[in-house]
Amino acid sequence: MEEDQLEKFVVAYLKKKGFKQAEHAFQEELQQHQSKNNSSSSISTNSITDPDFAKHLLSFSELENVPARYQDGYSKLRSWTYSSLDLYKHELLRVLYPVFIHCFMDLVVKGHIQEARTFFNSFREDHEMMHSRDLQKLEGVLSPSHLEEMEFAHSLRHSKVKIKICQYSYELLLQYLHKTQLTIMLGIINEHINFQVSPGQPILISDDAEVVTLIGSSQDEATQINQKEIQWGLLEDSLEERLEKSGVLLSDSEKAEGETKEGELDENKKRSVEGGKQGTSTKKLKKDKAASATGKTGRSEANAVITAPRVKPELALPVISTEVEKSILEDLRNRVQLSSVSLPSVNFYTFINTHNGLNCSSISHDGSLVAGGFSDSSLKVWDMAKLGQEAVGSVLQGENDTTSSEHVLGSNGGKRSYTLFQGHSGPVYSATFSPLGDFLLSSSADSTVRLWSTTMNANLVCYKGHNYPVWDVQFSPLGHYFASASHDRTARIWSMDRIQPLRIMAGHLSDVDCVQWHVNCNYIATGSSDKTVRLWDVQSGECVRIFIGHRSMVLSLAMSSDGRYMASGDEDGAIMMWDLSSGRCVTPLMGHTSCVWSLAFSCEGSLLASGSADCTVKLWDVTASTKVPRTEENKSGNTNRLRSLRTLPTKSSPVYALRFSRRNLLFAAGVLSKSV
């Protein structure tokens with residue numbers, strides 16, 4: 001092979017791969033050798049004219065120019081992977097997805113658009129279950145310019161996938177690629193995959209939660225960040241603490257000792273909890289009650305300190321009025337103590353006639369108001385008291401077709417049964433009520449968040465700051481402050497009296513799909529399409545925890561009442577319980593077969609409710625879930641059945657929202673879906 005021809009191949013290869021510095025250095029080296037002695041043989045000439053290297057480079061250059069080679073090479077790699085031994089198959093299968101998307105993007109970059117679409121459609125079903133959201137984004141790529149403009153594709157092209165694999169699986173893969181001369185596949189793997197090879201046997205499928213991080217934080221970065229100290233306790237001088245100190249409110253532990261372990265949780269029981277405690281108390285409780293009031297108060301404080309330390313607020317918190325304090329006190333005094341043998345009553349609100357237009361739902365803290373956000377940019381609020389007067393029941397007419405929905409008849413003539421809020425110019429994706437129910441926030445595809453008054457039925461403020469659709473918005477537990485999550489990969493902290501965000505949390509590598517406040521208002525948690533959950537300090541705006549373990553986008557979050565634990569639900573139906581102090585997963589909760597759209601802890605934190613697109617509400621025993629060690633879990637096999645207390649199926653309604661009231665009544669909302 002001629003030396004000049006080979007040099008051209010080398011330069012062409014470096015240009016195609018974008019190695020500008022290497023190309024520049026190579027050309028400078030050639031010029032130096034030519035200027036010294038054109039006839040003499042140099043080290044670089046000898047190495048370049050090696051016949052095996054020349055043949056390999058020429059074949060690579062020829063292969064790159066044939067689009068069909070991508071489909072043929074990936075097809076062969078796929079067939080070999082699926083026919084591998086079961087012991088190593090699940091490790092080798094991890095390689096297919098990054099190779100698939102980079103083959104597609106390489107074809108697009110080279111201008112082979114039609115071949116890229118054919119390749120994409122031929123193999124997309126293999127990855128639909130695990131990576132449907134990513135595939136939907138890449139589906140819209142129709143030209144090389146789209147790849148440059150799309151942030152998601154740009155991050156993929158300029159980052160490496162981290163894959164854990166055992167030594168033997170790694171050697172099997174390399175041997176196959178070299179033996180079959182799948183040069184394009186080998187080049188993609190070398191350029192875009194970073195293997196973390198471990199000695200010994202392959203990782204078990206059951207422990208496969210962190211094997212692939214396509215886009216997101218590496219475990220090393222997460223470990224470093226998770227060493228930061230956080231204050232996960234409750235706010236000092238909170239309303240509950242003041243009530244406990246005054247002796248008016250009994251602690252949860254005292255309630256648990258004094259309550260019966262059986263019986264239905266109806267309204268009559270809720271109103272007679274105090275009497276029930278006295279009638280069914282144990283000898284120990286009777287002895288305690290004989291002590292002075294000061295002694296009882298001391299016990300309550302001790303229990304509160306043990307279960308959750310007290311922390312100072314980092315934000316200037318709003319002042320609670322006396323009337324509101326009395327209302328909350330009444331709810332707390334009538335709160336039902338829940339446990340694994342004392343499950344909550346559930347009130348389910350069903351939207352009908354929505355024609356697939358309902359995107360989100362929200363329930364006020366006392367369950368009296370229900371909001372729905374629709375694709376036609378409208379926001380509708382139903383008052384349950386008025387529905388009861390009209391004898392409509394708990395069925396919500398939410399039709400976006402004005403031929404019937406705007407004329408839902410009640411006893412008051414032609415008036416509709418809901419309050420219509422109009423102002424957004426795009427689909428409404430999230431809504432949240434303030435703690436008192438007097439305000440309502442909504443977020444939309446128009447990249448804005450709007451504040452509405454439920455008493456005046458009017459739009460008060462339009463908050464602009466995000467540049468892309470806002471997927472979620474949540475009021476803080478005490479109101480006034482709220483957080484938003486957006487497609488622009490940021491979360492933002494706002495206050496009702498300012499139109500500009502107070503903090504911007506940036507760090508996720510894909511959409512921030514959900515956001516949730518910590519109970520002490522000092523932190524917010526965000527779930528993302530990059531399959532991670534992050535915890536942020538609202539005062540500094542810094543990320544203080546990264547939680548890695550989900551295999552798909554995180555859609556829902558919930559914080560326990562003591563602030564120690566967090567639950568997150570993903571697109572695959574998996575729920576993970578996290579310890580905020582350590583940043584580790586306490587236990588996964590498996591059982592749902594589709595997206596987990598909503599999570600809620602009971603007021604005392606003993607139960608977790610989850611609502612899913614599989615049309616079920618599940619109740620989980622948090623106490624058992626957080627106390628079972630991994631060693632016992634492995635010995636006993638699948639302990640999720642023990643943790644799952646009950647599954648409540650709906651007729652045909654995916655569950656959009658869950659809410660525990662202060663009295664521990666569980667409210668849920670969903671839409672009647674004929675297609676389910």
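Glycine too: its Cβ is placed from the backbone N, Cα and C atoms.
According to TrEMBL, the features are:
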COMPBIAS  252-274  compositional bias 'Basic and acidic residues'
DOMAIN    65-193  domain 'TFIID subunit TAF5 NTD2'
REGION    249-301  region 'Disordered'
REPEAT    421-453  repeat 'WD'
REPEAT    463-504  repeat 'WD'
REPEAT    505-546  repeat 'WD'
REPEAT    547-588  repeat 'WD'
REPEAT    589-630  repeat 'WD'
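Same-chain residues lying 6+ beyond the ends of the repeat 'WD' (589-630) with a Cβ under 8 Å from its Cβ atoms: 252, 255, 335, 337-340, 343-344, 346, 348, 555-562, 565, 567-577, 579, 639-640, 642-660, 662, 664, 666, 668, 670, 673, 676. Mean model confidence of the repeat 'WD' (463-504) amounts to 93 (pLDDT, 0 to 100 scale). Applying DSSP to the repeat 'WD' (505-546) sorts its residues as follows: 0 helix, 24 strand, 18 coil.
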